[in-house]
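Trainee: Questions regarding the structure given below will be posed in turn.
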Amino acid sequence: MDIGKKHVIPKSQYRRKRREFFHNEDREENLNQHQDKQNIDNTTSKKADKQIHKDSIDKHERFKNSLSSHLEQRNRDVNENKAEESKSNQDSKSAYNRDHYLTDDVSKKQNSLDSVDQDTVKSKYYEQNSEATLSTKSTDKVESTEMRKLSSDKNKVGHEEQHVLSKPSEHDKETRIDSESSRTDSDSSMQTEKIKKDSSDGNKSSNLKSEVISDKSNTVPKLSESDDEVNNQKPLTLPEEQKLKRQQSQNEQTKTYTYGDSEQNDKSNHENDLSHHIPSISDDKDNVMRENHIVDDNPDNDINTPSLSKTDDDRKLDEKIHVEDKHKQNADSSETVGYQSQSTASHRSTEKRNISINDHDKLNGQKTNTKTSANNNQKKATSKLNKGRATNNNYSDILKKFWMMYWPKLVILMGIIILIVILNAIFNNVNKNDRMNDNNDADAQKYTTTMKNANNTVKSVVTVENETSKDSSLPKDKASQDEVGSGVVYKKSGDTLYIVTNAHVVGDKENQKITFSNNKSVVGKVLGKDKWSDLAVVKATSSDSSVKEIAIGDSNNLVLGEPILVVGNPLGVDFKGTVTEGIISGLNRNVPIDFDKDNKYDMLMKAFQIDASVNPGNSGGAVVNREGKLIGVVAAKISMPNVENMSFAIPVNEVQKIVKDLETKGKIDYPDVGVKMKNIASLNSFERQAVKLPGKVKNGVVVDQVDNNGLADQSGLKKGDVITELDGKLLEDDLRFRQIIFSHKDDLKSITAKIYRDGKEKEINIKLK
C-alpha cells in the first residue's frame, strides 16, 4: 500500500493500522462529545453532513502523515544500527590481526629455543665416558621409569585438556563469528583487570612465582621488540596458517624424537635412556603450548582459541618435575657429566616454561576479551530470540483478535457447512432408498399382476374327469371330447367343496373324479346340471387345506380390453394348472351351442369373448381379472380353419344364478309356451305365399304347431302366425325366441309379441305361467 513519501507497506498491515488509528480517534471524540453534551440543530443537518465528510477526509490524511513519520523514524534507526555494526566489525578485525601476529611470534621463539636445548644435551651426553654410563645404567633405568610415569600422567591430563579445548561447540562457533563485531573501547579496562586476576591466581606456588617474575623482565622486552615486525607482516589466510602450524609441529617431532640410527648398539641403549628424559621436556613444552594455544588440522578449530587457565594439578606436576630435576643434579654431579647436562636441560626447560607462563598470562587477557565478546554475542542472540518470540506473540495476538471479532460468523459458517454435509448425506441415502424401493415396487407390481393371481387361482381350479358309459348312443369320438375338463371351487364349507363346471364335461355320469393341484384325487358327485346354460355343479369332500375357495367378482362391470388370466387343464391331468393371459375381446356375445352334437344348434349362450389360449380340457376353467377374482367360466371356443383365439366364457353373475338352483333343486325350470316354430329365413317362396308374409319381413319365426291348452294356445297364438318382435326385441330365429323366453324364468311375467296374421300386423300377450 503506497502512503506517500516512497513508503510501501502491505495492504493488510495498512488496514489494520488505519483501523486502530480511527478507533482511537473515535473513542477520543466520543469522550469529548459526552463531556460537552452539545445539541445539534436540525436545520443545519446538511452542513453537518458536509463537515462530517470533510472530517473523515482529514482523518485519513492525519493517519497517513502519522504512519509515514513512523516509518521514516524506523528507517533512520535501522541505518544507525548498520553503521554501528560496521564500525565494530572493523575494530574487531584489527584486534584479531594484532593478537594473531603476537601468538605466531611467541611460538617461533619457543621452537628455536627447543632446538638449541636439544642439540646441546645430545652433544654433551655423547662426550661422557662409557664406563661411567654403564655404572649408572641401573639408576638411570629406575629414574627413567619414574619419569615415564610422571610424563604419562601429565600426558593424560594434557590430552584431556586438549580434548576439551579441541571439541568445537556451538557457543565457541558463535563466539568466533561474532567476536569481531562486539569489541569496543570499554572492554580494554576489563581485560586489564582480568589479566591481573588470572596471573595472580595462576602463580600461587612460591617457587614458580619467583622464577616467573625474574624471567618476565627478560622476555617482555623481546616481545615488545618484535611487535614492529609483527605489525609489518601481511595477514595470512586460514589455510596458510594451518599449513604453517603443521610444518612447525612436524619439525618439533623430528628434533625431539629422532636421533642417529647409525650409532653403535651400546650407544643406542643410552639414547633410549636419554629419550625417557627428553620427552618429558617436550611434554612440558607441549603442555604449555596446549594450555596457551591449541593448533589443530581441523579447520573448524580456530587458531586463536585460547586455553583454559592452569589447574592446581598442573602446577603440582610442574613442581614435582622441578624438584626431581634438582634432585638429579645433586645425585649425578659427582659421577657423570651426562647428568650435569641433563640438569642443565631441565633448568632450561624450566626457563621455557616460565616464558610460556608469561605468554600464557597475555593470552589469558585475550581469553578475557573473548569471554566478554561472547557475553555480548550471547546478549545479541538473546535479543534476537526475544524479537522472534515477540513476532510469534504478535501473530498469536492477531489470531486472537480476529477470532474475538469474527467468532460468531465463523461458528455460523462452520454450522452451515456441517448442515449442508449432513443434508447431502441424508438426501443421498433417501434417493438411494427410493430407487431401491422403486425397483422393489416394480418387481412386486410385476409379480402381483402376472403371478400372484395365477398362483392363487391354481389352488382353486381342479380337473374333472368322467367315464363315458359303454351303452352310450353317442359316437365315441364325440363323447371322448367331454371326458376331461376343468372345474372351479366356488364355495367351501368345512371339508365340503362345491365345484362348477360345464354340463358337457360331466356328461351323463353322476360320479366324477376330481384331481387337485397337488395331484391328490377324490370322487365327486354331480348335484345338478343344465344343458341350456351348459353348467353343472359337483360336490366333493376333501380335508386338503391347500385347496382354496376362489374369490367372486362382478361381470356387470367388465371393460373391453381388460386383462384376464385363464387357468385350466388342457389335454388332461398331464398339463393341469396351465395359465394363459389375454384380454376381454368382446362383451354381450350370443353364441349358438350344439349340445347334443347333432350338427344343429340348440341354444344361444350369453357370453363375453376372450383372446387367451383355450384348448380342449379348458372347458369349465376359471377366467380371473387383474384382482384375481372370478369373472367367468370357460364354455366354448370356435374351432374353424383360419380362426384363432376366439373363446367364450359365461359371465359369473349368470353362473351364480344357475348354480344356486342346481345346488338346491338339481335342475333349472324354464317356461314352456307349447309351440313349435320355423325360421323365416329357411322358408321357400311357396311357404311364404301360404302364410301371406309381406316381402319386407326378412327375419322372425312362423308358428308351425300349437299345443292344446298350452300357454301359447291360451295366449291366442295360432298356426301360421309370424312373430317378428318379442318383449320389444327384434326376433331373428327360434334360438333367439327360446333365449328371450328363458330369460324370464324367474319372474314368469307375460311378454308382448308383434305378429303377422293373414298379412296383417297385430300384437298379443304371451303368458309364461
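Counting begins at 1 with the first residue displayed.
In case you wondered, yes, glycine gets a Cβ from its N, Cα and C as well.
Note that this is a predicted model, so its numbers are computed, not measured.
Grabbed the feature section from Swiss-Prot, which reads as follows:
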type     : residues : note
ACT_SITE : HIS504   : active site, charge relay system
ACT_SITE : ASP534   : active site, charge relay system
ACT_SITE : SER619   : active site, charge relay system
COMPBIAS : 21-64    : compositional bias 'Basic and acidic residues'
COMPBIAS : 71-108   : compositional bias 'Basic and acidic residues'
COMPBIAS : 126-137  : compositional bias 'Polar residues'
COMPBIAS : 138-186  : compositional bias 'Basic and acidic residues'
COMPBIAS : 247-262  : compositional bias 'Polar residues'
COMPBIAS : 264-296  : compositional bias 'Basic and acidic residues'
COMPBIAS : 310-330  : compositional bias 'Basic and acidic residues'
COMPBIAS : 331-347  : compositional bias 'Polar residues'
COMPBIAS : 348-364  : compositional bias 'Basic and acidic residues'
COMPBIAS : 365-390  : compositional bias 'Polar residues'
DOMAIN   : 680-733  : domain 'PDZ'
REGION   : 1-390    : region 'Disordered'
TRANSMEM : 410-430  : transmembrane segment
Trainee: If you skip the near sequence neighbours and keep only those at least six away, which residues in the chain come within under 8 angstroms of SER619 (active site, charge relay system), Cβ to Cβ?
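Mentor: Those within reach of SER619 (active site, charge relay system), by Cβ under 8 Å and sequence separation of 6 or more, are GLY485, SER486, THR501, ASN502, HIS504, VAL505, GLY568, VAL634, ALA635, ALA636.
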Trainee: Among the active-site residues listed here (HIS504, ASP534), identify the one with the smallest other-Cβ count within 10 Å.
Mentor: HIS504
Trainee: Please work out the helix, strand and coil residue numbers for the domain 'PDZ' (680-733) from the DSSP assignment.
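Mentor: Computed counts for the domain 'PDZ' (680-733) are 14 helix, 13 strand, 27 coil.
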Trainee: Any idea what DSSP makes of ASP534 (active site, charge relay system), helix, strand or coil?
Mentor: coil
Trainee: Please report the three-state DSSP label of SER619 (active site, charge relay system).
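Mentor: Note: SER619 (active site, charge relay system) is coil by DSSP, not helix or strand.
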Trainee: Can you see whether DSSP assigns HIS504 (active site, charge relay system) to helix, strand or coil?
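Mentor: In the DSSP reduction, HIS504 (active site, charge relay system) maps to helix.
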